[in-house]
Amino acid sequence: VEKGGRDNGTSPLGFLLVGMGNVPTAQTALFLLSLIIYLVTVVGNILIVVLVVAEQHLHTPMYFFPGNLSSLETFYSSAILPRLLASFLTGDRTISAHGCVAQFYFFAALETTECYLLAAMSYDRYLAVCQPLLYASLMTWKVCLQLVAGSWLLGLLVSTVLTSLLPQLQFCGPRTINHFFCDFTPLLELACSDTSMATLVAFVFGFLDVVFPFLFTLASYVCIIAAILRIPSNVGRQKAFSTCSAHLTIVTAFYGSLFVVYVLPRTAPLRQLSKVFSFYTVLTPLANPLIYSLRNREVREALRK
């Protein structure tokens, strides 16, 4: 395809991911930092999965959900960081069109799955705090498996629909993505064909896979906080809140970053801020094992064994 010509997302032409290439003097430092983050993320999350599977006393819904979240975070970081590490190491920031579509597919599937999985975990914490006497009968293993399987299936469904829209877009002119991975909005900004249908579909699915789980999670925590405030003793309130604090920390970091990245206007200064906050894709998987392992006595004991 000649320069300035039109081609769609299945063209052999690739894209240039700007990433952090605008700070060439810091490439070595960024590579080392990203490598450390990736190794700690993968090792930490895999360790939690192994502990939850191997330790009999961790076979409860309270640890089943974090175990699934850890496996998701391992795939999540692996969809983005290896490509970023390779670009730091070689200086080659190009990515093929098929590679870009594949990276977005896995990123979107895992991000959507995390939204629903965090909502399922908030429901689990709601039952534990607000319905403690009924918790064992309501949060059965069958319900746990259905919630987790539903989260994964919805993630794959949403990602499949959004990814199917990319080959229909026409790209012309510079194919430079001002980002460090292939995301939907930066790709839409490069398209020179009509993107109204893709934008509408993305808006609808954005509501279903981000806003709806967020509102559900928010409603769960409104009920949880109201129930905690009704507990008469300070010790009881602290114990009840401690069962939710790790999950609440992850939810706050995850949705706070999502808001900055996808809701704020795409003006030039805010676009740079959006790229910085997109590091939630790297830092949230890193924070997950640190929060769920270091702050949990039973997990620390299982680790010592």
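A Cβ is built for glycine as well, from the same backbone N, Cα and C atoms used for every other residue.
Feature transmembrane segment, per TrEMBL, maps to range 74-92 of the set 74-92, 188-206.
Listed by sequence, the residues of this chain that lie at least six past the ends of the transmembrane segment (143-166) yet keep a Cβ under 8 A from its Cβ atoms are 9, 61, 64-65, 68, 101, 104-106, 108-114, 116-117, 120, 123-124, 184, 187, 197-198, 201-202, 205, 208-209.
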